[in-house]
Amino acid sequence: MAASTASQRPLKGILKDNTSTTSSMVASAEHPRGSVHEQLSKKSQKWDEMNILATYRPADKDYGLMKIDEPSTPYHSTMGDDEDACSDTETTEAMATDSLAKNLAAAEGLEPKYQVQEQESSGEEDSDLSPEEREKKRQFEMRRTLHYNEGLNIKLARQLISKDLHDDDKVEEMLETAHGESMNTEESNQGSTASDQQQNKSRSS
């Protein structure tokens, strides 16, 4: 009997609950050709959109969604008036060049203020320092200048190295030519001694 009841029960899926399978079987038995719209409306979910908007987007809160009423950058206030804008810039440039020329003429005889102040301040600082601190400062300034001049030193070293290599190449070429000439003279000397020996042999015989 247990086997017969097990065969009569419908097969259930893992994710379905008991009520959904039995209700669907009963509904299909009662309404074999029920409307699809009714079945979809039972399964579908309706959202209360106004409630969602009121909950998640209240009118009195912006949640960081501020609206900025500024123009996009770069902003030119005279974009509409092209003719006026050109004449304004020309007038401004003419005034700026005139005032700049006057300022340059007035400043020609003057020494720069920042250099004079810098020299005075360094003298005052040195007088306040102890001899040990002055020596440390002098060494620091010397190391700093060496560090800043290191790029120049590297360039000079490269030039000297390339010059030495070029000079070495010239010396090697001169040695090779001198060695070649000495070889030629030795060969000619050996040839002459061989001919002398042959002449001596011919005379003696």
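Cβ from N, Cα, C; glycine included.
Marked as compositional bias 'Polar residues' by Swiss-Prot: 17-26 (among others).
Annotated compositional bias 'Basic and acidic residues' per Swiss-Prot: 30-44 (among others), in sequence order.
Per Swiss-Prot, compositional bias 'Acidic residues' is recorded for 80-91 (among others).
Residues annotated as compositional bias 'Acidic residues' in Swiss-Prot: 121-130 (among others).
Residues or ranges marked as compositional bias 'Basic and acidic residues' by Swiss-Prot: 131-144 (among others). Beyond its flanks by at least six residues, the compositional bias 'Basic and acidic residues' (131-144) meets no residue of its own chain at a Cβ-Cβ distance under 8 Å.
Taken from Swiss-Prot, the feature compositional bias 'Polar residues' covers 182-205 (among others).
Within 10 Å of the C-beta atom of THR73 (phosphothreonine) sit 6 other C-beta atoms, taking all shown protein chains into account. For THR73, the entry in Swiss-Prot reads phosphothreonine, with the evidence type similarity to another entry.
Annotation source Swiss-Prot lists phosphoserine at SER87.
Per Swiss-Prot, the feature region 'Disordered' maps to 1-44 (among others).
For the region 'Required for binding PPP1CC' (12-17), the model's average pLDDT works out to 62. What Swiss-Prot lists as region 'Required for binding PPP1CC' is 12-17 (among others), and the listing cites similarity to another entry.
The region 'Required for binding PPP1CC' feature in Swiss-Prot is assigned to 43-55 (among others). The region 'Required for binding PPP1CC' (43-55): residue composition by secondary structure is 8 helix, 0 strand, 5 coil, according to DSSP.
The region 'Disordered' annotation in Swiss-Prot covers 64-92 (among others).
Feature annotation from Swiss-Prot assigns region 'Disordered' to 107-148 (among others).
Feature annotation from Swiss-Prot assigns region 'Disordered' to 171-205 (among others).
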